[in-house]
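See structure below.
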Amino acid sequence: MKKILVLNGINLNMFGKRDPAHYGTATLEQIDARVAAWGAELGLQIDCFQTNHEGEMVERIHRAHEEGVDALIINAGAWTHYSYGIADALAILKAPVIEVHMSNIHAREEFRHHSVIAGLARGQICGFGVGSYHLALLAASELLNAGQE
């Protein structure tokens, strides 16, 4: 069974409480449960992780490299726009990386338009709410089933 690591970054533990116009009302726990269910339907093993500490995120990405995860889906939150440490950690991975966001970062404030992760990712999915995670899982499954990295 292919293993997918789903990473959620800074402030994303506040889903369901923070700015429902952009992020909806689902909590991170509800999102993680949906991701696990969607993964099971696709025959994928899902591991979800969230932290508000950049160093912890980098260390989890390093462990993903050591564990040999098959793909990584990341919603880095605000780190998307400035964390070169997270970007450098992602660059170490051999597995495909898919960047995901619940809101359309390109239709929001100017500072959100730039991603330091996008250039390292196979693709970026944004603007579909919780469905962005589902689309990312479908993309990961397609990549892995096609034998692409």
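Cβ coordinates come from backbone N, Cα and C, glycine included.
From a predicted model like this one, the values you see are computed outputs, not experimental measurements.
Here is what Swiss-Prot records for this protein:
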ACT_SITE  Tyr23  active site, proton acceptor
ACT_SITE  His101  active site, proton donor
BINDING   Asn75, His81, Asp88, Met102, Ser103, Arg112  substrate binding site
SITE      Arg18  site 'Transition state stabilizer'
Expressed to the nearest Å, what is the distance separating Ser103 (substrate binding site) and Arg18 (site 'Transition state stabilizer') at their Cα atoms? 12
One should report the C-alpha separation between His101 (active site, proton donor) and His81 (substrate binding site), rounded to whole angstrom, as 12
Cα-nearest neighbour of Arg18 (site 'Transition state stabilizer') within the listed binding-site residues, Asn75, His81, Asp88, Met102: Met102
Could you tell me the C-alpha distance between Asn75 (substrate binding site) and the residue listed as 'active site, proton acceptor' in angstrom, no decimals? 12
Considering only the binding-site residues His81, Asp88, Met102, which residue has the minimal Cα-Cα separation from Tyr23 (active site, proton acceptor)? Met102
